[in-house]
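Below: one structure, written as structure tokens.
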Amino acid sequence: MRDLKIPEQRHPEKAHRPDNAQPKKPSWIRVKAPGGKGYAETHKIMRENNLVTVCEEAGCPNVGECWSQGHATMMIMGEICTRGCTFCNIATGRPDTLDAFEPGRVAHAVQKLGLNHVVITSVDRDDLEDGGADHFAQTIRAVRHRSPQTTIEILTPDFLKCAPEVLETVVEAKPDVFNHNLETVPGLYPEVRPGARYFHSLRLLQRVKELDPSIFTKSGIMVGLGEQAPQVKQVMDDMRAADVDFLTIGQYLQPTPKHHAVDRFVTPEEFESYEKAAYGKGFLMVSATPLTRSSYHAGDDFAKLRAARNAKLGLA
């Protein structure tokens, strides 16, 4: 039995990699330690429903703030991923079989937490013929049935090894926001995201809009991996060409010495510059700060996103 709390067992595919020193974080990266009544209650509900969260599995720096407010990003289809991205702290290996009761448990937890907005993500499941598309759809429908007032945001894998039709299965379940992260600039894909294809991910986002223009599309990248500013701005252009509505940009933080090294810590002023550039390119919503993550403040951001589209359409 693997102990996923031990890095060597959590990431066996990274054992051959040399150790990379983990640099000291600058003052603008510091966060408070998790704790408090709200945090404990969120933790309790997750455990009672036997649910996995990306907040814990990926070591998100914002877990204390989000959980104290009763917000958690639920990760479906297990805690073991079939990919081995060099930036990611999710365990890699052979996943367990799908849990048919998981969609219902997610819906129960959403209701129990009283969420106005929920973010649901997953590991990559290249072992499944549909990549887990039907499981995503079932989870969306279960939440809709139990909490019809809750808006639903999904953060999906790329379905790279699946038939193109599987994307329709997810879109037909009508999430409010479809998020798929490009993660980094295309030049870094061979090292950072070797199991993925940049232009496939772009096309997936574009296809969502073609299938259902009412669904908001969202994507994000990390900076501090070794990219240059012109490359980041080219990614912005590529996303806008794919009609992506919402862009997130955050600082890459190295989970362990075996992971991709932090090239540098991008300053808050540089993030402000990226945000300004992105709005200038036509994104409806941009979140670009050192601690920005895909689901950070997602509920508040969704309200702003919807207001921005209404204003653009003259409905405000």
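Every residue, even glycine, has its Cβ placed from backbone N, Cα and C.
Annotated [4Fe-4S] cluster 1 binding site per Swiss-Prot: Cys55, Cys60, Cys66, Ser295, in sequence order. The DSSP secondary structure for Ser295 ([4Fe-4S] cluster 1 binding site) is coil.
Secondary structure from DSSP puts Cys88 ([4Fe-4S] cluster 2 binding site) in coil. For Cys88 ([4Fe-4S] cluster 2 binding site), other Cβ atoms within 10 Å of its Cβ number 22. The annotation [4Fe-4S] cluster 2 binding site is assigned in Swiss-Prot to Cys81, Cys85, Cys88 on the grounds of sequence analysis.
Here Swiss-Prot flags 1-19 as compositional bias 'Basic and acidic residues'.
Sequence annotations record features per position, and here Swiss-Prot assigns domain 'Radical SAM core' to 67-284 based on sequence analysis.
According to Swiss-Prot, the feature region 'Disordered' maps to 1-31.
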| To the nearest whole angstrom, what is the C-alpha distance linking Cys88 ([4Fe-4S] cluster 2 binding site) and Ser295 ([4Fe-4S] cluster 1 binding site)? | 16
